[in-house]
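**Q** Taken from TrEMBL, the feature transmembrane segment applies to 16-35, 74-92, 131-150, 162-182, 228-248. According to TrEMBL, the domain '3-oxo-5-alpha-steroid 4-dehydrogenase C-terminal' annotation covers 163-272.
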Amino acid sequence: MVVSILQRFIFPPPNSLFVTAMSVISFTSLAYTGFSEVRGRHLQYSKFWNVISPESGTRREGKQIKLSSRTGMLLLYTPAFLAGLTSFVIFPHQDLRLLLLDSALTLHFFKRIFEVLFVHKYGGSMVLDSAIPITLSYFLSTATMIYAQHLTQGVPEPPVDLMYPGVLLFLIGISGNFYHHFLLSKLRRGEGDKEYRIPKGGLFDLVLCPHYLFEIIDFIGISFISQTWYTFSFTLGTVFYLMGRSYATRRWYFSKFEDFSKDVKALIPCVF
Ligand SMILES: NC(=O)c1ccc[n+]([C@@H]2O[C@H](COP(=O)([O-])OP(=O)(O)OC[C@H]3O[C@@H](n4cnc5c(N)ncnc54)[C@H](OP(=O)(O)O)[C@@H]3O)[C@@H](O)[C@H]2O)c1
């Protein structure tokens, strides 16, 4: 029953061991990383770049290779951006769905690089041990989304076409994400300012991580454009990761600001 409903919205699973394995690996690794965030084991960037690991009970900062946030973030996003860009050359006669997916992914990572260079005002650092798995995850997932889409060429379309609603959701997601990144950058008074302040404006009065919420909408849009099992499993994994990270972020705000309002949720207004 559930499978027959899903078949109305998703292309049949591809005959590819690589894509099938990646669907399982991406979902489980992202969901597990989100669960680890809740348990206090953080990917070490932004607010959590030098946190104490509950296992070791020691500050890990001294033992690990540290990058500036800007360098680290560029390392994270550039390979995925290049994977998107290269695919226009590798698959030159693309159907509309593949063309839209390539364009959305390339634009998504181009925007990230633009923000790293011109919008964000970073106060922290990034640990190389965290940067490497994130870089690999973005690069491999982008390449796999495009490859999985390529494998649908010539396969009958799912009965329900979500491609154009997907474009709309993607545009809402990427714009909302950018707007809230802009609001965050306004909290810093200059390049050297590393202070954290309570964010205001946009959806920040309702949730602490509206930029994550719009990131999820962006990826739901990409899944709708694509309608492959791989993009849906990656997006679901991303939802679990960002739920975990936003939960940890909210806990961090409560520990830092005494008068912090309990009405401000982590990710979904009034709910979570
Ligand atoms: N797809 C995914 O799985 C995924 C996962 C994570 C992130 N992302 C994307 O990457 C974007 C950024 O994520 P992130 O985790 O780095 O976000 P973040 O921790 O909220 O940081 C974003 C920027 O805002 C600054 N900032 C955050 N809170 C602040 C405050 N209270 N006062 C002053 N400045 C503050 C940060 O400075 P500091 O660097 O000094 O903390 C950083 O420059 C997300 O919105 C999303 O688009 C995607």
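Using the three backbone atoms N, Cα and C, a Cβ is placed for every residue, glycine included.
In TrEMBL, annotation is done automatically, which means it is predicted and not curated.
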**Q** Which numbers of helix, strand and coil residues does DSSP report for the domain '3-oxo-5-alpha-steroid 4-dehydrogenase C-terminal' (163-272)?
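**A** Split into helix, strand and coil, the domain '3-oxo-5-alpha-steroid 4-dehydrogenase C-terminal' (163-272) gives 69 helix, 2 strand, 39 coil.
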**Q** Mean pLDDT over the domain '3-oxo-5-alpha-steroid 4-dehydrogenase C-terminal' (163-272): what is the value?
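**A** 96, rounded to a whole number.
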**Q** Would you say the transmembrane segment (131-150) and the transmembrane segment (74-92) are in contact under the rule of three or more C-beta pairs closer than 8 Å, pairs 6 or more apart in sequence?
**A** yes
